[in-house]
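Engineer: Before anything else, here's the structure in question.
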């Protein structure tokens with residue numbers, strides 16, 4: 001086995017391996033096996049305690065099962081994989097492995113016959129995937145989203161009143177502030193974050209076609225519907241009482257749809273920041289030993305935002321197939337979801353790489369105030385909007401077309417605007433307000449909106 005990232009086929013385990021180390025404990029083959037071993041043994045504990053099974057359940061049994069979970073190792077995982085080569089069935093191999101382990105510490109105990117009792121493979125697998133997604137959301141995804149929002153808000157609050165020329169259709173438009181334009185993204189992200197946190201992660205354990213057939217036939221006096229609910233919810237999951245052989249994966253589609261929406265918002269963010277860097281509204285702090293180009297020594301490229309955009313695109317491309325394919329299964333089940341589900345870690349890995357790049361890029365940004373003011377002062381034509389609005393307020397007709405003729409497609413200076421304002425027949429106080437107006441201070445509520453958002457935001 002070649003362990004070096006140099007020989008990895010995927011850049012996830014190669015070039016970017018250091019960025020996704022934490023995911024290996026959730027989505028690797030080893031982790032998947034450990035989750036399934038844990039679920040098998042927790043189910044074994046659950047049913048062996050039922051009085052209908054008449055199992056002698058003592059401290060030795062409990063300690064044996066707990067030790068198998070707590071001490072699960074790479075050696076154990078490899079043993080399961082060796083068994084799988086013979087059986088060509090991953091979950092049956094886990095069952096044989098557990099029977100062997102339990103026999104070693106308890107001998108020929110009655111509990112051996114209850115390993116994987118009344119289960120179908122999907123009873124174990126769906127719960128494993130549910131836990132994997134639950135843990136990744138709690139420990140990996142949400143903390144990174146919070147960090148991105150925090151970094152965006154930090155820059156926004158620091159520059160809440162720094163004026164910036166807006167651009168609609170790529171052309172000069174009504175000014176905003178650096179802070180307000182960043183807060184737009186923070187608001188969008190927070191909204192998705194709230195939805196993501198509230199997505200119910202479901203699980204089921206109800207047999208080969210979702211009807212408890214084997215369980216009910218063997219022990220009809222047991223309320224298996226209730227036992228199923230108790231077991232699933234004990235794992236910190238929501239119970240799905242109505243399924244075929246498989247949990248239908250609707251929640252996984254919801255989970256990744258929300259992830260894709262966040263990724264799409266961040267692609268938008270990356271492109272906007274890339275553009276602002278190109279306009280020199282932001283500068284990037286150079287690192288002494290870094291090189292921007294193999295031939296152009298002066299270059300400081302927006303590589304973090306470009307890297308993030310590319311990896312978010314890869315993640316969303318796979319998500320597109322996940323959310324379309326997973327909720328569809330032929331009749332009571334087909335196996336086409338199995339290979340797709342094995343790629344959920346890949347999806348999240350590409351996203352994590354992208355999130356790290358955004359955070360790195362944000363920490364390098366410096367607002368270039370002088371360039372922002374220079375751009376604003378080059379576009380006095382944007383004041384046509386407030387001037388014509390005030391004129392309309394006082395019933396002056398055809399103001400829009402009059403200002404259109406003066407400003408549209410022309411280089412407009414402060415002198416042209418001031419001369420026009422002085423010619424207006426409006427109250428003196430209104431004229432004074434217009435004469436004091438500049439592209440730099442025509443900001444509406446931009447700065448205030450940043451503070452309002454910060455005060456109402458749940459993420460501090």
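Even glycines carry a Cβ here, placed using N, Cα and C.
Residues annotated as N(6)-(1,2-dicarboxyethyl)-AMP binding site in Swiss-Prot, with similarity to another entry given as evidence: 15-16, 88-90, 120-121, 245, 294, 299-301, 307, 333, 338-342. Annotation comment: Swiss-Prot describes 169, 293 as active site, proton donor/acceptor, evidence class similarity to another entry.
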Engineer: Since the record lists 121, 307, 339 as binding-site residues, which of them has the fewest other Cβ atoms within 10 Å of its Cβ?
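Structural biologist: Sparsest of the binding-site residues 121, 307, 339 by Cβ contacts within 10 Å: 339.
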Engineer: Counting every protein chain present, what is the number of Cβ atoms, excluding its own, within 10 Å of the Cβ of residue 342 (N(6)-(1,2-dicarboxyethyl)-AMP binding site)?
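Structural biologist: Taking every protein chain into account, the count is 13.
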Engineer: Using Cα coordinates, what distance in whole Å links residue 299 (N(6)-(1,2-dicarboxyethyl)-AMP binding site) and residue 169 (active site, proton donor/acceptor)?
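Structural biologist: One finds 28 Å between the Cα atoms of these residues.
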Engineer: Roughly how many angstrom lie between the C-alpha atoms of residue 89 (N(6)-(1,2-dicarboxyethyl)-AMP binding site) and residue 169 (active site, proton donor/acceptor)?
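Structural biologist: One finds 57 Å between the Cα atoms of these residues.
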Engineer: Rounded to a whole angstrom, what is the C-alpha distance between residue 342 (N(6)-(1,2-dicarboxyethyl)-AMP binding site) and residue 169 (active site, proton donor/acceptor)?
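Structural biologist: Counting only the Cα atoms, the answer is 42 Å.
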Engineer: Measure from the CA atom of residue 169 (active site, proton donor/acceptor) to the CA atom of residue 121 (N(6)-(1,2-dicarboxyethyl)-AMP binding site) and give the result in Å, rounded to a whole number.
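Structural biologist: Between the Cα atoms of residue 121 (N(6)-(1,2-dicarboxyethyl)-AMP binding site) and residue 169 (active site, proton donor/acceptor), the distance comes to 54 Å.
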Engineer: Just the number: how many Å between the Cα atoms of residue 169 (active site, proton donor/acceptor) and residue 307 (N(6)-(1,2-dicarboxyethyl)-AMP binding site)?
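Structural biologist: Distance between the two Cα atoms comes out at 25 Å.
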Engineer: Quick one, of the recorded positions 15, 89, 169, 299, which Cβ has the fewest other Cβ within 10 Å?
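Structural biologist: Minimum Cβ neighbour count within 10 Å, taken over the recorded positions 15, 89, 169, 299, occurs at 169.
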Engineer: Tell me whether residue 339 (N(6)-(1,2-dicarboxyethyl)-AMP binding site) sits in a helix, a strand or coil according to DSSP.
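Structural biologist: Reduced to three states, the DSSP call for residue 339 (N(6)-(1,2-dicarboxyethyl)-AMP binding site) is helix.
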Engineer: So, in DSSP terms, is residue 307 (N(6)-(1,2-dicarboxyethyl)-AMP binding site) helix, strand, or coil?
Structural biologist: helix
